[in-house]
Amino acid sequence: MADLTLSTDTVPDVAEDGVWLTCIECGEAYPPFEDVIYECAECGGLLEARYDEYATFEDFDGEGVWRYADALPVSGSVTIDEGNTPLYEAPGIAADVDVADLRVKHEGMNPTGSFKDRGMTVGVRVAERLGVDRLVCASTGNTSAALAAYGARSNLETLVLLPAGKVAAGKLAQASLHGATILEVDGNFDDCLDIVAELANMGEAYLLNSLNPFRLEGQKTIGLEMLEQFEADTGDWPDRIVLPVGNAGNTAALHKAFRELVEAGAMDDEEVPALTGVQAEGAAPMVEAIENDYEAVRGWDDVETRATAIRIGKPVNAPKALPAIRETGGTAVAVSDDEITDAQRALAEDGIGVEPASAASVAGLRKLRDEGVVADDEQVVCLTTGHLLKDPDAAAAAGSEPTQVPNDVDGVLDVL
Ligand SMILES: Cc1ncc(COP(=O)(O)O)c(C=O)c1O
Ligand SMILES: N[C@@H](CCOP(=O)(O)O)C(=O)O
């Protein structure tokens, strides 16, 4: 089992600017900015950034991701104003699910339309510091859109590998216009990730999927920002956060944000929100692991869902995300594609436009309320991860058909 204990008692010699990387499995420590490294050289375990001091709310200043600079491993320069996303009320859904408080944290309002921007502003800055000249990722779409934009911003060559025919139109258009080299692979996302990981280990390019621990440092800021906003609105912190799960980076990143606050003495253990993951039924290895109490996720070779962003069978961050769910008293649930589309419509009726994967959070909350797993006295935040316009085909299919009318006022009045 992974050891996710944070401690500032011993700072290893390899630390630079108070930052180092630690293997969550064997504890080996690595210098952060010397060599390019993604996994432990000793045991292959996932790496995590560690600090000689953890930031508290008093340390935060400014807006967006870089408000949280004291909790990040580098200072910013590759920024297009990511973060500072809205925490919406959703009156229709709130009335339907009937919990004490419901908010929707809409990460689709980031510059490229998804939470990936938070990870890229940090990850690409680290790439600059390491002096790499080519960036790479595998993607179901959003990671490639964000990498292409931040790569363009920092004048770095960007290569993206996508599962052919399985990436939504908006995301493909973004990667293309921002100038990425796009390679479509005859395989799924997990196959693409295997290839880019090998390319990265060969030194061909710098990997910016969530296997890269610095990406997750940026995504940590979702949790910090959400706590501050929720407290400003309600005077309290949420009891539960419900989020869609694909490669499980956000689950790991939110947990890290809260563990750091606990280590800094800014939050008590029992105040950490219950992390509750939602997957599509056709791509639910994390849910299977939680339901069956597996020690590790058993990857799925064949995955399918309308929510293409979370069409992932082998979540690389599972060794971080399983303890995140378990230690916070959360759970995981699978929802059908139709439940996802229904939730996408419900969000749209509250004026919140999201892509299908994002709506999984609301679909999951509805299901867990029906099953009595989520209680009516809970304060809940649903994370919506990507904008409606990312997947215009899915949005059009979920919406209503336009009505054809003649070219005159009477024709219009006839249908009113
Ligand atoms: C829109 C959207 N939602 C959710 C996810 C899943 O997030 P994670 O991989 O952090 O679990 C992704 C990508 O993975 C995504 O693009
Ligand atoms: N949905 C993701 C899948 C890759 O996840 P990552 O967080 O590991 O980059 C995407 O948009 O590609």
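The count begins at 1 with the first shown residue.
Each residue, glycine too, has its Cβ placed from N, Cα and C.
Since we're looking at a predicted model, the values are computed, not measured.
Per TrEMBL, pyridoxal 5'-phosphate is bound by Asn142, Gly246, Asn247, Ala248, Gly249, Asn250; the candidate from Thr8, Thr384, Thr385 named for the same site is Thr385. In the three-state DSSP reading, Gly246 (pyridoxal 5'-phosphate binding site) counts as coil. On the backbone, the CA of Lys116 (N6-(pyridoxal phosphate)lysine) and the CA of Asn142 (pyridoxal 5'-phosphate binding site) stand 7 Å apart. Apart from the site residues Asn142, Gly246, Asn247, Ala248, Gly249, Asn250, Thr385, the chain places the Cβ of Phe115, Ser210, Pro244, Val245, Thr251, Ala309, Ile310 no farther than 8 Å from the centroid of the site's Cβ atoms, the recorded pyridoxal 5'-phosphate location. There are 34 other Cβ atoms within 10 Å of the Cβ belonging to Lys116 (N6-(pyridoxal phosphate)lysine). According to DSSP, Thr385 (pyridoxal 5'-phosphate binding site) sits in a coil region rather than a helix or strand.
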